[in-house]
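One structure is given here, and the rest of the page talks about it.
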Amino acid sequence: MPPFNLTSLTPATFILAGIPGMEKFHIWISIPFCSMYLAALLGNGVMLFVIRTERSLHQPMYLFLSMLAIADLMLSTTTLPKMLALFWFSAGEISFGACLTQMFFLHFSFSAESVILLAMAFDRFVAICYPLWYVAVLTHSAVVKTGLLALLRSFCIIFPCIFLLKRLPFCGHNVIQHTYCEHMSIARLACADISINILYGLAVPFAAIVVDVVLIAVSYVLILLALFRLPTRTARHKAFNTCVSHVCVILLFYIPAFFTVLTHRFGQQIPHHIHILLANLYVLFPPLLNPVVYGVRTQQIKEKVMKVFICPKSHLLQE
């Protein structure tokens with residue numbers, strides 16, 4: 001077993017166990033996980049490239065979408081490479097500092113993505129309910145400030161978790177029954193009272209996410225009321241279509257997250273390997289499906305992708 005620092009009772013390393021009870025299936029599980037990760041990299045990369053190169057997409061809605069793609073890439077890249085190394089090479093050893101770093105960026109990217117989804121809901125609210133104010137309210141400066149706010153809030157919420165973990169003595173085993181490091185899986189290895197970690201880890205980040213969800217819900221209630229007041233069916237249909245993609249992304253993001261949290265806290269009857277699989281899907285599904293949803297549902301993005309990737313090839317073939 002890796003050595004422990006006897007003066008601070010801080011482990012030199014942790015061991016990620018993977019998916020308990022399914023170790024012999026790690027290679028097979030890694031195939032869909034790796035495929036989904038590569039697809040997420042490709043989809044979000046294409047999204048960022050298209051929005052960056054097409055000036056017509058330099059609008060608040062698409063700038064928020066590019067922030068979402070960056071948060072998705074951070075969420076998946078924080079966990080998947082180490083997870084695949086564990087599955088393929090049994091490389092489960094991770095240093096204490098690297099484990100805390102992974103934990104920080106995992107929760108940080110999730111919190112930032114929640115703020116971005118709230119900003120996107122506000123964007124749709126202003127566009128539909130107060131269209132004449134849209135250009136004045138959602139300026140490029142406002143978009144940049146929103147991005148900075150997402151970074152600042154996420155940092156302020158997650159950074160204390162590092163100190164809450166570093167203050168704990170770790171004098172028992174150092175095997176984390178998970179495929180990546182997250183706050184409570186590390187805290188449970190400590191040989192001390194972790195009630196503060198439990199209280200903070202559940203109350204503060206969860207409360208912040210719940211506030212985001214409530215504000216998003218209020219935005220869409222007001223949007224629906226505004227849609228019913230539009231004069232024509234065509235106008236209602238067009239406005240509704242601009243919201244469908246965002247609603248799908250919201251559901252893809254929050255439902256797996258809340259389901260994972262609730263089953264982790266209250267689903268004691270659910271086998272542990274099911275908890276771990278759900279937690280892995282929670283970091284894979286949003287990055288994988290968000291580009292697909294926006295690519296399929298948003299006409300402007302479909303047209304620009306065709307223009308950037310298809311049209312140049314057709315011109316070359318003609319020449």
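Backbone N, Cα and C define each Cβ position, glycine as well.
Curation plays no part in TrEMBL annotations; they are all automatic predictions.
As given in TrEMBL:
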type: DOMAIN; residues: 43-294; note: domain 'G-protein coupled receptors family 1 profile'
type: TRANSMEM; residues: 25-50; note: transmembrane segment
type: TRANSMEM; residues: 62-80; note: transmembrane segment
type: TRANSMEM; residues: 86-108; note: transmembrane segment
type: TRANSMEM; residues: 115-136; note: transmembrane segment
type: TRANSMEM; residues: 142-165; note: transmembrane segment
type: TRANSMEM; residues: 186-203; note: transmembrane segment
type: TRANSMEM; residues: 209-228; note: transmembrane segment
type: TRANSMEM; residues: 240-262; note: transmembrane segment
type: TRANSMEM; residues: 274-296; note: transmembrane segment
Contact yes or no, the transmembrane segment (142-165) and the transmembrane segment (274-296), 3+ Cβ pairs under 8 Å, gap 6+: no
Maximum Cβ pairs under 8 Å to the transmembrane segment (186-203) - stretch from the list 25-50, 86-108, 115-136, 240-262, 274-296: 86-108
For the transmembrane segment (62-80), distant same-chain residues with Cβ under 8 A (at least six beyond the ends): 33-34, 37, 40-41, 44-45, 47-48, 51-52, 102, 105-106, 108-110, 112-113, 116-117, 119-120, 123, 140, 143, 146-147, 150, 179-180, 249, 280, 283-284, 286-287, 290-291, 294, 300-301
Proximity of the transmembrane segment (25-50) to the transmembrane segment (274-296), 3+ C-beta pairs under 8 angstroms: yes
Candidate ranges 115-136, 240-262, 274-296 - greatest C-beta contact count to the transmembrane segment (209-228) (under 8 angstroms): 115-136
